[in-house]
């Protein structure tokens with residue numbers, strides 16, 4: 001439905017894009033962010049959108065309701081992405097954080113595609129300066145923006161893990177790279193976070209979420225095990241170091257082993273650093289630490305000393321390691337400086353044993369920098385809560401050792417629940433939608449009214465909701481309600497279908513549900529003007545798909561669309577004109593549009609008072625490509641108003657009016673003489689100097705045709 005442009009939303013969108021792009025200038029904000037790759041994706045799209053939006057605000061164009069909804073969605077997604085990047089905490093769960101960012105980046109990409117596609121189909125109504133680069137180029141550029149999703153890799157890894165057939169080292173490295181689990185420290189912290197989340201899920205009897213988290217915990221444990229093997233290969237020891245002799249934090253041979261409250265043994269300086277970070281939980285068992293006393297493990301220390309002496313091995317000095325720039329082992333060493341050939345820590349034997357199929361490029365350069373400085377962590381965690389049974393190490397709800405600030409960033413719907421939803425397991429909105437769909441078939445009109453009104457609200461501004469509503473099976477019920485005798489139900493039902501049709505996949509679902517004829521029924525007999533107008537807008541949305549242009553034309557939509565063009569409200573006239581233009585792209589429909597009498601009304605609507613000059617001109621230009629159209633335009637008095645547009649119209653209007661006049665002049669000498677008598681030559685000359693590229697070309701061709709005709713007359 002064509003409505004007055006909501007400039008305020010466009011300004012909000014521009015402001016949000018500017019704020020998003022400004023993040024790149026904030027030193028350090030993005031450098032350590034595990035989702036930085038997704039920031040660059042959003043940055044590329046934002047830079048494509050900026051000039052289009054700026055030009056649109058400066059123009060007097062009137063985008064459709066679909067476009068305004070798209071702008072509103074883009075604004076929300078851009079704002080959410082910016083908020084997520086600004087609120088990143090180094091000790092938040094990296095996996096769910098990246099999945100959340102990925103989901104938003106994907107929505108931004110798809111929403112941008114929808115907006116550019118709508119702009120492309122409406123470009124005849126828009127100012128010419130909006131079309132450089134063309135919307136087609138913008139669509140292709142957005143499609144080129146990376147869309148590989150790590151969520152798919154994680155889901156497959158969990159499935160393989162459950163079957164006992166993987167995941168491979170290559171997959172482990174890919175996941176670690178994409179979610180920012182670069183060092184042993186980050187892997188262990190992630191395991192602690194996930195364990196805490198799993199415990200909460202179990203307490204709340206959320207078995208599906210607990211199972212999913214358990215799989216991720218196993219995944220991070222495998223990463224730690226792989227890193228342990230890699231570290232052992234790096235040590236170049238002639239014999240394998242017993243696992244009990246190595247610290248789980250440093251992965252090095254211990255020299256000063258100590259026991260913590262959970263009974264586990266670690267290198268003193270490393271576990272002390274862990275505790276100083278505020279992590280009052282055992283890295284291995286994930287149990288709460290009831291105290292921070294570190295007890296020397298003299299027995300293990302003696303065994304290690306004896307083993308080292310036997311094998312002539314000298315363990316590293318932990319004090320030297322802990323003071324290095326990277327005290328915690330990296331899963332893969334990164335290159336230094338600008339050297340892109342940073343070496344992997346895997347030796348050839350480990351490569352052949354565990355990663356025979358691994359691309360060397362995947363092993364090199366997975367991580368670009370060391371882990372975040374641990375000193376920032378001390379203020380992140382809350383104070384430890386202790387109880388009398390804490391000494392046992394049991395992690396209970398009343399004795400959770402710490403929690404993350406900004407908990408909403410990993411517990412809110414859209415992190416866990418959205419991830420599960422994408423795998424088909426759950427959706428927070430599904431129960432509500434299914435209940436509303438059931439209500440659509442209720443015998444109570446009041447219940448139906450409430451259900452259609454609620455679905456209309458849910459589908460208005462949310463891409464996710466549109467997908468869920470369609471997936472839950474709402475479309476057939478909404479289609480059936482197009483025949484409702486209740487004016488409110490009918491209007492809301494057709495508006496719901498209009499909203500759902502924004503999603504390209506839903507277009508096919510709507511058409512395949514037999515919606516075209518019921519939509520035409522509303523177009524003909526709708527109780528409210530809003531229903532007729534939105535029915536026309538829905539038919540336009542469906543006609544974006546080529547095959548439906550023919551189907552809609554054959555089903556009898558053109559005559560009621562022309563009737564709406566003639567007798568409808570102003571918004572109805574605009575929607576009808578837009579739908580007729582799209583349908584008339586298909587050659588078979590052009591004659592039907594002309595025979596239905598559209599040309600007469602289009603000529604009338606070229607009166608500037610209606611605010612529809614450009615819409616009418618672009619349809620006339622389309623119809624002028626067939627013989628019947630040329631004749632109808634000439635007979636209905638179209639020539640004077642087309643010449644007036646060439647002289648006084650917008651750049652796009654001048655272009656289309658000139659194209660129509662060129663068709664008329666080459667068809668009939670009579671029309672050609674009429675065009676010249678209307679004084680078209682001076683504005684055509686001006687157009688050759690200042691019009692759009694296509695406008696200049698058409699003007700030059702028309703002037704050339706006039707000269708040729710004049711030369712022929714002289715010879716005669």
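Cβ atoms here come from the backbone N, Cα and C positions, even for glycine.
According to TrEMBL, the protein carries these features:
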type   : residues : note
DOMAIN : 240-314  : domain 'U-box'
REPEAT : 473-515  : repeat 'ARM'
REPEAT : 556-598  : repeat 'ARM'
REPEAT : 597-638  : repeat 'ARM'
Worksheet item: Any residues 6+ beyond the ends of the repeat 'ARM' (556-598) with a Cβ under 8 Å from its own?
Response: 1-3, 62, 64, 121-122, 124-125, 516, 519-520, 523-524, 529, 532-534, 536-537, 539-540, 543-544, 546, 549-550, 605, 610-612, 615-616, 618-619, 622-623, 625-626, 628-629, 632
Item to complete: Report the DSSP secondary-structure composition of the repeat 'ARM' (597-638) as helix, strand and coil residue counts.
Response: 31 helix, 0 strand, 11 coil
Worksheet entry | Tally of DSSP helical, extended and coil residues in the domain 'U-box' (240-314) | 26 helix, 12 strand, 37 coil
Discussion item. I'm checking region-level scores; what's the whole-number mean pLDDT for the domain 'U-box' (240-314)?
Written reply: 86
Worksheet item: How many of the residues that make up the repeat 'ARM' (473-515) does DSSP mark as helix, as strand and as coil?
Response: 33 helix, 0 strand, 10 coil
